[in-house]
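Have a look at the structure below, then the notes.
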Amino acid sequence: MTNIRKTHPLAKIVNDSFIDLPAPSNISAWWNFGSLLGVCLILQIMTGLFLAMHYTSDTATAFSSVTHICRDVNYGWIIRYMHANGASMFFICLFMHVGRGLYYGSYVFMETWNVGIILLFATMATAFMGYVLPWGQMSFWGATVITNLLSAIPYIGTNLVEWIWGGFSVDKATLTRFFAFHFIFPFIIAALAMVHLLFLHETGSNNPSGITSDSDKIPFHPYYTIKDILGILLLLSVLMSLVLFSPDLLGDPDNYTPANPLNTPPHIKPEWYFLFAYAILRSIPNKLGGVLALVFSILILALIPHLHTSKQRGMMFRPLSQCLFWLLTADLLTLTWIGGQPVEHPFIVIGQIASILYFAILLILMPTISIIENNLLKW
């Protein structure tokens, strides 16, 4: 008799995706982040659902409803901090996942890569809207500053901003719609993640060597299921350590002050995972130019497959490109640091240099170095 998991219409999909899936035998721990992102998403949806049961999306009660969750709801504090710090873990995994894709040339799978970019944008939008919900000072002013950037769009900008706000400032209408979108977006992200996997399974996984692994495949289960479980346990250990020992480490103290439109905080800054993009935005004196640079800092990923000039797929055997990749990593860390600093000398200049370097590495230096490496292969 044929096994039910191979014949049942639903079980067959699960079987072909997670059990009998042929996987390369040499994929490293850098390939763990996809499953970790799935775990993060499930965790965020679950904790978010329980938070939504007690949260009220009204400017008068939003802040106190979050306080109520932390003080009065059974284990509300741990659910709230798991959700807040879960977002940080989500973005750590996202950055590692994208970095792995850049390093090993996974962007050659164009459909998978492009869906991944859409996923990144959707996750960033969700996180931004979620940050507004507690209705603290940084929530309010962050929402005001970031939505206001759209006013830089010529002709329709001002109307667009007021349409998003639902009025002439960030107010009750804005909070209500942000809550609605923040609730629905994770489910859209889950659907997109399935599309992401669908496209990936059309081609099969890449591997560290960058050469085809068709001649040496192993079943996903038990080899990679057990490997993923180890990754998940490590992720949960880090998350729970953060939640239980220093839940406010990555947050902003200003967000413990209720939103006040009459009092601007001295330094308006987003959560740490947006600081690199925020630094790029601030390093350009022109408003429209800054907004374009902000969008392009992520959208540039869509150009990466078209800028691939190397004869080899990954960077495993390309030491010069490796140096550039780690320079890019250091540059992004520098931008993250600058994004959290006040706008004054020398931070302005450092931010501008780091921003120029970011675009130069991806658009000019990497393709050039790849051509040089191709020529070195001839020697």
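Here the Cβ of each residue, glycine as well, is placed from N, Cα and C on the backbone.
As recorded in Swiss-Prot:
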- H83, H182: heme b b562 binding site (BINDING)
- H97, H196: heme b b566 binding site (BINDING)
- H201: ubiquinone binding site (BINDING)
- 33-53: transmembrane segment (TRANSMEM)
- 77-98: transmembrane segment (TRANSMEM)
- 113-133: transmembrane segment (TRANSMEM)
- 178-198: transmembrane segment (TRANSMEM)
- 226-246: transmembrane segment (TRANSMEM)
- 288-308: transmembrane segment (TRANSMEM)
- 320-340: transmembrane segment (TRANSMEM)
- 347-367: transmembrane segment (TRANSMEM)
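Counting residues 6+ beyond its ends, the transmembrane segment (113-133) has Cβ neighbours under 8 Å at 55, 57, 62, 66, 87, 90-91, 94, 98, 101, 106-107, 139-140, 142-143, 146, 174-175, 178-179, 181-182, 185-186, 188-189, 192-193, 195-196, 199, 270-271, 273-274, 298-299, 301-302, 304-305 in the same chain. Between the alpha carbons (Cα) of H83 (heme b b562 binding site) and H196 (heme b b566 binding site) lies a span of roughly 24 Å. Among the binding-site residues H83, H97, H201, the residue whose Cβ has the fewest other Cβ atoms within 10 Å is H201. Within the same chain, the residues at least 6 positions away from H196 (heme b b566 binding site) whose Cβ sits under 8 Å from its Cβ are T112, V115, G116, L119, listed in sequence order.
Cα of H201 (ubiquinone binding site) to Cα of H97 (heme b b566 binding site): a distance of 17 Å. Scored on C-beta pairs under 8 angstroms, the neighbour of the transmembrane segment (288-308) with the top count among 226-246, 320-340, 347-367 is 347-367. Around H182 (heme b b562 binding site), the C-beta neighbours below 8 angstroms that are at least 6 residues distant in the chain are G48, T126, M129, G130, L133. DSSP assigns H182 (heme b b562 binding site) to a helical segment in the three-state reduction.
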